[in-house]
Amino acid sequence: MANYLGSMSRNWADNTSKQRLLSRRDYSHLGFFPESYTNENASILHRWWAALQLFLLDVFEMGRADPRQVIFAAKSGLALSIVSILIFFKEPFTYMSQYSIWAILTVIVVFEFSIGATLIKGFNRALGTFLASILALGVAQISLWAGQWQEVVIVVGIFMAGSITSYVKLYPSMKAYEYGFRVFMLTFCIILVSGNEENGNTHFLQTAVSRFLLVVVGALVCLVVNICVYPIWAGEDLHKLIVKNFRGVATSLEGCVNNYLQHFEYERIPSKILVYQASDDPLYSGYRSAVQSTSQEDALMGFAVWEPPHGRYKMLNYPWSNYVKVSGALRHCAFMVMAMHGCILAEIQAPVELRYMFRNEIQKLGTEGAKILRELANKVEKLEKLSPDVDLLEKVHEAAEELQMMIDQKSYYLVNSEKWAAGRQRKDNEDIDRLQEIQEEEIKPDVTGSLNEANPKQQPHSKTLERSKTLERSKTLERSKTLERNKTLERNKTLERNKTLERNFTLERNFSAMSNHPSLSRWGSSEDLLKQQAQWPSRLSIVGETILNMRELKTYESASALSLATFTSLLIEFVARLQNLVSAFEELSEKAKFSEPWNVLEVKEEVSVWTGLLECIGIK
């Protein structure tokens, strides 16, 4: 008990020092330049040059981290160079050089990082241009019939088309075609305005046809270059993102369990974690990437559905939506890991002794849960189904049951056992008093019956015998219950007596040390300290390693035990959510037609040359 109180005081003091560390300001992690670059004594030119060097270094690191970005830039330049050749065409299409700017603008706007994004943007631009050209030609013909009201018809047509288009694109299902609506309005206005000349000659048809053809040429150039030169597929990026999130959550889960059992505490919690921003902390970044990737997954899925069959995804209507569904189930599990990390960041922590008591069960459950996540990550990466002969969740369920049994056996460590024992004792005493009252009430009729036995004329002899037997059975039952309760009370009293002796011995040592403390005379009694405290836990209740207020200690002790109960509950809930994750993966593997798991024994039999020779000879 003394060691327990000592660890509690040290834990409280550590939390107090951690609060002081949190109040200090540190701006180095916010992305500002080092002190040498922000020196006020340096010249403006020197600071600009230092900032430029830092920017160039970041750009170089970005390209080295992902070489595909450099390749994308080169591909974009190649597409622009090809389209720019149209400017030099003089014959046979003289208007090609005149309207070649539309092809260049198409390449600039349509060329995207992935093939799926390029396809959907090119489709929107071509469709918007085509529909706008047809509608603009119709309005232009009506304006020609209007005669002197031609300009009025054009302005009214532009107003109606712009208003209707702007309203329709707000419809939720039209969000994917928003770029097409913008192209439609732009093309419609340009054709009507530029096709009308002052001399009365109209070139609406030539403007519409040339713009549409050059937009198609620009889109085709983008598509050919993007597919033929180092293709970048959005579906592959979505696939890799899901695998990365699986492994990130597994790393965070293992880290949270290990650090919690090792009594790890942050000396200074990064402010980026407190405001839920990106940080280099591996425990934090692992689950955060899975939680924050919702918009990225939706965007990649929207691009991937436009991509043709390619690589390992050689089927039409590939179930990319099921990848997002699996990621959603993983995110549902990542929320539990986030809550477990919150237990590590919390001010109130469970003592080391209490964590060590459940150490093996918690460690086993965390390890098995991380193994399942990594196994699913490998299966998704290899596009492979789960083995039908192996229950993936068997071991983790066994570990969860062991942890639950351990909590059930030692649940009295997670609650205030003293108050619980006292409450049970009062309840048992009340039950004993109640039994005595019932017994006295039953004895009274028995005495009356015995008096009536003297007069055989009043009561029959059979009723008296029946009543005596019933009374004897009830007495025997009450006697057995009373003996059982007495044994329970005796055990509780012995346990409480031992704890009281140990606590008194510890308190004597603490108060003897307190009486010699030089600053104790200035502080007054513990009740005054409790009245003066401004926040909880009280910082005035700790003098070195001496505890001044036992009431606060008991409160903190109960809260600390609940911290461990919270962590174990979150871990068990994480295991319960794994079933939904495995079901989502199995649905994906069936729809995407993943390959069957690789059997080592079958492969060895197939590739063995000696086995084939022996079978031919007839020996085997």
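Using N, Cα and C of the backbone, Cβ positions are placed for all residues, glycine too.
TrEMBL annotations: computationally assigned, not manually curated.
As stated in TrEMBL, the feature transmembrane segment covers range 127-146 out of the listed 47-66, 127-146. Matching 152-172, 173-193 against TrEMBL, the residues noted as transmembrane segment span 152-172. Taking pairs at least six residues apart, the transmembrane segment (127-146) and the transmembrane segment (152-172) share three or more Cβ pairs below 8 Å and count as touching.
Same-chain neighbours of the transmembrane segment (208-233): 68, 71-72, 75, 78-79, 82-83, 86, 95-96, 98-100, 102-107, 110-116, 118-119, 122, 125-126, 129-130, 133, 136-137, 187, 190-191, 195, 304, 307, 310-311, counting only residues six or more beyond its ends whose CB sits under 8 Å from a CB of the stretch. Listed by sequence, the residues of this chain that lie at least six past the ends of the transmembrane segment (152-172) yet keep a Cβ under 8 A from its Cβ atoms are 135, 139-140, 142-143, 146, 178, 181-182, 184-185, 188-189, 192-193, 196. Packing against the transmembrane segment (70-89) from elsewhere in the chain are residues 63, 96-97, 100, 103-104, 106-108, 111, 113, 214, 217-218, 221-222, 225-226, 229-230, 232: each is 6 or more residues past its ends and has a CB under 8 Å from a CB in it.
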